[in-house]
Amino acid sequence: MASASSVSLMLLVAAAMASAASAQLSATFYDTSCPNALSTIKSAVTAAVNSEPRMGASLVRLHFHDCFVQGCDASVLLSGQEQNAGPNAGSLRGFNVVDNIKTQVEAICSQTVSCADILAVAARDSVVALGGPSWTVLLGRRDSTTANESQANTDLPAPSSSLAELIGNFSRKGLDVTDMVALSGAHTIGQAQCQNFRDRLYNETNIDSSFATALKANCPRPTGSGDSNLAPLDTTTPNAFDSAYYTNLLSNKGLLHSDQVLFNGGSTDNTVRNFSSNTAAFNSAFTAAMVKMGNISPLTGTQGQIRLNCSKVN
């Protein structure tokens, strides 16, 4: 007969296995409950990105900023809270597109598809709409009832981050160095505000001089002057999802400090070189990293809720 301690251990193992099973996401989650969910999301995203290519980057960023703060739970969509954090305030975009998608999905499947899953699918569809690779999005996330502004301030990478800080930041989310470099490649699309690259323009030496001169015209040195002026993160092909971001780094044309540190004599130099010359390798690493990121601490089963309106709890 088993001892009490061994029975307790067996129960703990069983509970852990059940917990792991419940946390598993599935590519077929909505096949029965809402079979047209993915096609509805894709149509809305494609239309939004075709209308404004920058929106693709904004939707990818929403998913990233969601997953890095208490997991992929759509907490970033709740009004206030995380939206007021330093890395998000005045720069997060795409809420109107998400709201439009949610309205369309609710019309065909009431309270079935989570806002967290909408973000994950919209990120994939945005990349595809801009010519990038596709991947299978695992589904079944549920929406949080809380958000965490303080965690958004501490856990989201800053544009001034050092390489060591970036590696540590991603590692704490279960993402390795290759994941970090690959996910940074999302900066092949989108734009950044002058206030986030001004210091690099005027105070750093590992920047192409012609590149810096061109940017200074729209980003004056005085703080407070032109802070919100925009520049593309990838000046070569700003609206195409490709590997030009890495090629730019090889020429010291990274816009943000946190971009150029990936190629500055450090441990990630070879990965940048590889992704620059081998688009297939970048695409493979990027899609794998997006799946891993999308699996950060999801709410599943009966956890959380399926919000009716992405900006507020039910």
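Each residue, glycine too, has its Cβ placed from N, Cα and C.
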Residue from T178, T188, T205, T287 that Swiss-Prot also lists as binding Ca(2+) 2 with D234, T237, D242 = T188
C67 has a disulfide partner in Swiss-Prot; which of C34, C72 is it?
-> C72
So of all those binding-site residues, H187, T188, T237, D242, which one's Cα sits nearest to S75 (Ca(2+) 1 binding site)?
-> H187
10 Å Cβ neighbour count around D234 (Ca(2+) 2 binding site)?
-> 27
Least surrounded among the binding-site residues, given as D66, D73, D242, when other CB atoms within 10 Å are counted | D242
Setting T188, D234, T237, D242 aside, what same-chain residues sit with their Cβ within 8 Å of the center of the Cβ atoms that define the Ca(2+) 2 site, listed in sequence order?
-> I189, T236, P238, A240, F241, S243, A244, Y245
Excluding D66, V69, G71, D73, S75 themselves, which residues in that chain have a Cβ inside 8 Å of the centre of the Cβ atoms defining the Ca(2+) 1 site?
-> C67, F68, Q70, C72, A74, V76, E82, A116, S144, A147, N148, S297
